[in-house]
Amino acid sequence: MVEWTATERTHIEAIWSKIDIDVCGPLALQRCLIVYPWTQRYFGSFGDLSTDAAIVGNPKVANHGVVALTGLRTALDHMDDIKATYATLSVLHSEKLHVDPDNFRLLCDCLTIVVAGKFGPTLRPEMQAAWQKYLSAVVSALGRQYH
């Protein structure tokens, strides 16, 4: 179980309060698929992902970005039991979808870049530290089934 300070919780809540899931979710997944093109293999049913423009304009990518970020947001309400919160998703991604667990980290790295771009200098280092800890806890929980 991850231990959270009151300050960390406040920072994470502050970041989530300013994230527009409908904007940041698609941007993070688009960035992930473009920067790490090997991640595209999990999205064969999404249609054309052959160019950056095709990825950015793909409504299935945008929709899944919203789904992924909505799922990531779930941890905010369950910070004291993140592993249990993601147990079912961990099984799904490992046993049915066979997703490389490192891809969770790649998506979260892309999300951090999107968030930093939106926040600019208001995303102070101590806020980013709390955010990274939060994302690491979620990535660990999602990859738990693989261990």
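A Cβ is built for glycine as well, from the same backbone N, Cα and C atoms used for every other residue.
Annotation comment: Swiss-Prot describes His64, His93 as heme b binding site, evidence class sequence analysis. Annotation source Swiss-Prot lists domain 'Globin' at 3-147, citing sequence analysis.
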Next on the checklist: So, three-state DSSP: helix, strand or coil for His64 (heme b binding site)?
Outcome noted: helix
Item to check | Local Cβ density at His64 (heme b binding site) - other Cβ atoms counted within 10 Å | outcome: 18
Checklist outcome for this item: For the domain 'Globin' (3-147), the averaged pLDDT of the predicted model is 88
Checklist outcome for this item: the domain 'Globin' (3-147) resolves under DSSP into 119 helix, 0 strand, 26 coil
